[in-house]
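Participant: Just dropping this structure here.
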Amino acid sequence: MYVVESKAGAIGCMILSLCCLGSWPAILTLLERRGRLPQHTFLDFTTANLLAAIVITFSLGENGKSTFRTPDFTTQLPQDNWPSVLLAVAGGVLLSVGNLATQYAFAFVGLSVTEVITASITVVIGTTLNYFLDDKINKADILFPGVGCFLIAVFLGAAVHASNAADVKAKLKSLPSEYKDGTQDFYSSIKNGEDNPEKDKTDVESQEKQAGKAKAGTAGFFVELENKRAIKVFGKSIMIGLFITLFEGICLSLFSPAFNLATNDQWSTLPKGVPKLVVYTAFFYFSVAGFLIALILNLIFLYRPMVGLAKPSLKKYVNNSKGRGWAVFAGFLCGFGNGLQFMGGQAAGYAAADSVQALPLVSTFWGIVLYRKSSKRTYAVLVSMLIMFVAAVAILMASSGHRK
């Protein structure tokens, strides 16, 4: 199998992973804002994610000679390595549940803030755990100042969300007269936290939606966006979004330590003489578990939707091909990004590999578009958050070590 052994190769994997993991959240956000139901999107997304893992496993995991130290994927399948397999499965479940929560957090909190808060929580908790699990192979005097920068970014991210929410509320109170005639009923309903009673909630995606003419960042723009998007957020407490974001961050902070334990057996759970799981075998079990839990949860949400979503069905999902290509593309990006992160982490330490949580740097490009015409206060906090985040990522990559 192919093994990353050099520090330079590990950093290369991290950079490629960063590009992949930083792009898929923007795609899911775009689909939701165009009205595609998150249940439909995530079923496509998680299927593609599994396919990406299969491609990596049967290509890189079967490349070269199989040895005791580095057995290939098929050699490990019949071995008595179930303790490590269960840890990989646990990691896959945590990541899948976290990614599922991500879709709803995007709607309530926004793309940029969601990614920065969750990524920072992931680094603060996950990097600390991985540092000790990896027997401190990363440079602590460099690593933990970076973790501190991530923690500061968490609080700045929450401040950006609160400031932007206040800006939107102020704009809606002064809704221009040219929009009032067409949106009066809708505006009245969202102020009360209700959905438009005239809207048929049984088949949101089949409805024809008129293209909005309002300028981005204006009150009319936010009303038109709310009319079109799948998840209605006006009138709902910001605490819902922050709670979902914190839950997501905790899930995503634990999947990497679980994968670390699966591949390095720090708890000595494997029987004597059984080799540790290689990255590709662990990644396969990890991805299969993530796919299965996502499939189960999304089938439940199809018939028992959350947060006031329309009630779709499996038949409607099968017939709904609009946006499917983008959802599949996002799933492949996530799958390959995770695989590259684990390959780099196995070589240079999973604590340093957590630097791929810099994915908000890409996502924030899209978030700034949404924050256009916000107050100077919102811009100032947003820029401060990004500066702190860039510093944290650079410091974490500089702490990379080399696994013996």
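Every residue, even glycine, has its Cβ placed from backbone N, Cα and C.
So TrEMBL lists these for the protein:
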type     : residues : note
TRANSMEM : 6-30     : transmembrane segment
TRANSMEM : 42-61    : transmembrane segment
TRANSMEM : 81-101   : transmembrane segment
TRANSMEM : 108-130  : transmembrane segment
TRANSMEM : 142-163  : transmembrane segment
REGION   : 188-212  : region 'Disordered'
COMPBIAS : 192-211  : compositional bias 'Basic and acidic residues'
TRANSMEM : 238-259  : transmembrane segment
TRANSMEM : 279-303  : transmembrane segment
TRANSMEM : 324-344  : transmembrane segment
TRANSMEM : 350-371  : transmembrane segment
TRANSMEM : 378-398  : transmembrane segment
Participant: Would you mind listing the long-range same-chain contacts of the transmembrane segment (81-101), meaning Cβ under 8 Å and 6+ residues beyond its ends?
Facilitator: 42, 45-46, 118, 244-245, 247-249, 251-252, 254-256, 258-259, 261-263, 265, 269-270, 274-277, 281-283, 285-291, 293-294, 297-298, 334, 338
Participant: Does the chain bring the transmembrane segment (108-130) near the transmembrane segment (279-303), so that three or more CB pairs sit under 8 Å (pairs 6 or more apart in sequence)?
Facilitator: no
Participant: How about the transmembrane segment (279-303) and the transmembrane segment (324-344): at least 3 CB pairs under 8 Å, pairs 6 or more apart in sequence, or not?
Facilitator: yes
Participant: Need a quick answer: max count of Cβ pairs under 8 Å to the transmembrane segment (42-61), which of 6-30, 142-163, 324-344, 378-398 is it?
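Facilitator: Looking at each of 6-30, 142-163, 324-344, 378-398 in turn, the most contacts to the transmembrane segment (42-61) are made by 324-344.
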Participant: With the transmembrane segment (378-398) as the reference, which stretch in 6-30, 142-163, 324-344 has the largest tally of C-beta pairs below 8 Å?
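Facilitator: By Cβ pairs under 8 Å, 142-163 leads among 6-30, 142-163, 324-344.
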Participant: Residues sitting near the transmembrane segment (324-344): Cβ under 8 Å, six or more positions beyond its termini, same chain?
Facilitator: 4, 9-14, 16-21, 23-24, 27-28, 30-31, 36, 40-42, 44-53, 56, 60, 95, 99, 256, 259, 263, 279, 282-283, 287, 352-353, 356
Participant: So if I exclude everything within five residues of the ends of the transmembrane segment (142-163), which remaining residues of that chain have a CB under 8 angstroms from its CBs? That is, six or more out.
Facilitator: 109-110, 112-113, 116-117, 119-121, 123-124, 127-128, 131, 238, 241-242, 351-352, 355, 357, 374-375, 377-378, 381-382, 384-385, 388-389, 391-396, 398-399
